[in-house]
Amino acid sequence: MSEFYSEKDVQREVTELQGKSATAARLFDIRRIIGGLFVIYGVIVTIAGLTASDADIDKAEGVNINLWTGLGMLALGLFFLVWLKLRPVAPPPPGDDERVE
Amino acid sequence: MHPPTNLAAELRLPTNWLDYTILGIYFVVVLGIGFAARRSVKTSLDFFLSGRSLPAWVTGLAFIAANLGATEILGMAANSAQYGVYTTHWYWIGAIPAMVFLGLVMMPFYYGSKVRSVPEFLLLRFDKAAHLLSSGLFACAAILIAGVNLYALAIVVEALLGWPQWVAIVVAGFFVLAYITLGGLSSAIYNEVLQFFVILAALIPITVLGLKSVGGWDGLSDSLTESRGADFMTSWGGTGIGSDNPLGANWLTIVLGLGFVLSFGYWTTNFAEVQRALSAKNLSAAQRTPLIAAFPKIFIVFLVMIPGLVAAVLVPKIGTAGSDLQYNDAIPYLMEQLLPNGVLGIAVTGLLAAFMAGMAANVSSFNTVFTTDIWAKYVVRGREDEYYVRFGRLITAIGVLASIGTAFLASSFSNIMSYLQTLFSFFNVPMFVVFIIGMFWKRASMKSGFWGLIAGTTAAMVNYFWIYKQGIIDIPSDQGANFVSAIAGFVAGAVVMVAVSLFTAPKPVEELQGLVYGTTSPGMAEPPAPGDEAWYRKPALLGWGAVVLAAACYIPFSF
């Protein structure tokens, strides 16, 4: 390393690594995981709301909080799954050939 | 505030199999993300920076989640129970302007220069001395802060679920270690995005039910105005210079100390945050990362402040000798009082998720700085890339073990939140002054960076340990002292940098391209990606929109 560690060294090193990077091609889409987890949570909590005892409802200031939270989580999960369905990840654009080996 | 070790024993939550099922599913998903992200790690850039390829909404939500650790959630609720609506300052003036500045002004230099870390930028702008010092300081701070998160997790889990402290530390440490070692930064970021939504799902029911239990916002406001005075429900009431308020700060120290120095130091130079933006797929996405994060940040204050205020109504003596409950117990208390099984499991999961987010952000930034800035530049240079990926995995494991050690160290400090703020004033503020001067003043010489860092850190420590702790000047609270330390560190660092620059050689102009305001480097000239011309993706519009919205939020709380 010379006296200055120059910007050109970093530019070259990072550009080279970015060319070999596999993240863009191989990393899964997080929307699937968020959607899946929230649908599962939504169903579990909604069922807890549908079968809520009076004690549960009294505790939560008279609100069936499990039902409402469950429905909200279910809606969020479905939103992510629908978004994924409607707008899947675009394949890397053809001009971006430095990412493709 | 008192040591949170005294979390009241009656806070044990009535969890059942349903809550543990929800928690168990979460841990399985967290590990699953680690295993699934593993195949995307091929180069060191993949492991440490997700190959600079993530979309803006993912990095933006990870940016906010990395900040939304449980120490932040419990600490800011505690702040609200103690100081009232003053808490909004940590969000609207203490975060938004700095986040917008990072996105609009600083990101072109960070991202465009292709540096992999904040210290690496200092290496390009200044010299090896500044680089090594800042890398070393950052690595230590990251491990200390990860340890604080782990310790806070252990005491909260012990109080709420009855697990022994070492079980909680080992379980949380193991999961964080596993998913970062497997999938690197991609896995950390994906988990943070997931954590963000789980944390919201935990806080929203607590806030809604809390408000209902005290008769809505009007009931809350009337009750606290009566018991704590009118200023308790305002942002700026009683902050005139010379007037007395519980925060121990006036509008000038709030604006300069919190709003400018502490906040800019944290948001713009703390690598645990900036790393999320550097992993974005292009300059536009990197700029939008903190701007997308700014919008949730404006509103999250309500989800932590309202539970704190509600607790102050329900337990009027909270935090004083007349009650078993500490300020830090505000959110756990409401969970215990209001949430039935089911939502309770979500809330427990959200709290654990928040602890793990706070810890993982620090571990994943620590391994990057230690590997690319210290090991690969000064210890073992020029090895093949695979070696540095292996080393990164090894140092992740060492980092987690070290933070388990610092967790036990943190247990000797009485107040976690102000311990954290104090660490920030020591480490982030000097870094920020060196950055801001280096970025805007071409003449700042190569040597000035190192001396600015030394002077800033020393001044902040002297103010804290000597002037404040020894009572040389009377500052009413820890938070007020942190604001003053921050200003002192900033001024000392700036003065020393200017003085050193006047007597030492500047860096040659051709070495400063793309590092100083007003210059550009080849990396910045990249054309916008298709779709980035859309109006809602314009950084300037997003940034100024956030600033205007934050300013507007102050209006109802200012009179």
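Every residue gets a Cβ built from N, Cα and C, even glycine.
All TrEMBL annotations are machine predictions without curation.
Annotation source TrEMBL lists transmembrane segment at B:20-37 (among others).
Under the heading transmembrane segment, TrEMBL lists B:57-78 (among others). Within its own chain, the transmembrane segment (B:57-78) is flanked in space by residues 1, 4, 87, 90, 148-149, 152-153, 156, 188-190, 192-193, 195-196, 199, 203, 272-273, 276-277, 279-280, 285-286, 288-293, 296-297, 300-301, 304-305, 307-308, 311, 319, 326-328, 330-332, 351-352, 354-355, 357-359, 361, 416-417, 420, which lie at least six positions past its ends and keep a Cβ under 8 Å from the stretch.
What TrEMBL records for B:90-111 (among others) is transmembrane segment.
Taken from TrEMBL, the feature transmembrane segment applies to B:132-157 (among others).
Per TrEMBL, the feature transmembrane segment maps to B:163-182 (among others).
The transmembrane segment feature in TrEMBL is assigned to B:249-269 (among others).
Outside the transmembrane segment (B:290-315) by six or more residues, the chain places 56-57, 60-61, 63-64, 67-68, 72-73, 76-81, 84-85, 87-88, 90-92, 95-96, 99-100, 102-104, 107, 196, 200, 203-204, 206-207, 210-211, 213-214, 220, 223-224, 227-228, 267, 273, 277, 323, 325, 327, 329-331, 333-334, 337, 539, 542-543, 546, 549-550, 553 with a CB less than 8 A from a CB of the stretch. The feature transmembrane segment is assigned by TrEMBL to B:290-315 (among others).
Look at TrEMBL and you will find B:343-370 (among others) tagged as transmembrane segment.
The transmembrane segment annotation in TrEMBL covers B:391-413 (among others). Through the fold, the transmembrane segment (B:391-413) approaches residues 5, 44, 47-48, 142-144, 146-148, 150-152, 154, 169-170, 173, 176-177, 180-181, 184, 359, 362-364, 366-368, 370-371, 375, 380, 419 of its own chain, all at least 6 residues removed from its boundaries and within a Cβ separation under 8 Å.
Residues annotated as transmembrane segment in TrEMBL: B:419-441 (among others).
Residues or ranges marked as transmembrane segment by TrEMBL: B:448-468 (among others).
The transmembrane segment annotation in TrEMBL covers B:540-557 (among others). Under 8 Å from some Cβ of the transmembrane segment (B:540-557) lie the Cβ atoms of residues 85, 88, 91-93, 96-97, 99-100, 103-104, 233-236, 288, 291-292, 294-295, 298, all in the same chain and six or more residues away from its ends.
Contacts between the transmembrane segment (B:20-37) and the transmembrane segment (B:249-269): absent, as fewer than 3 C-beta pairs lie under 8 angstroms at sequence separation of six or more. Of the two recorded stretches, the transmembrane segment (B:249-269) lies close to the transmembrane segment (B:419-441), with three or more CB pairs under 8 Å once pairs fewer than 6 apart in sequence are set aside. Comparing B:132-157, B:343-370, B:419-441, B:448-468 for CB pairs under 8 angstroms to the transmembrane segment (B:90-111), the maximum falls on B:419-441. Within the same chain, residues 13-15, 18-23, 26, 30, 48-49, 65-66, 68-73, 116-119, 135, 138-139, 142-143, 145-146, 149-150, 152-153, 156-157, 160-161, 172, 175-177, 179-180, 184-185, 188, 191-192, 194-196, 198-203, 205-206, 271-273, 275, 331, 335, 392, 395-396, 399-400, 403 sit at least 6 positions outside the transmembrane segment (B:343-370) and bring their C-beta atoms closer than 8 Å to a C-beta of that stretch. Proximity of distant same-chain residues to the transmembrane segment (B:419-441), defined by a Cβ-Cβ separation under 8 Å and at least 6 residues beyond the stretch ends, is recorded for 71, 75, 106, 109, 118, 121-122, 125-126, 130, 134, 137-138, 141, 144-145, 148, 261-262, 264-266, 268-270, 410, 413, 448-449, 452-457, 460-461, 464, 478-479, 482, 485-486, 489-490, 493-494, 497-498, 501, 515-517.
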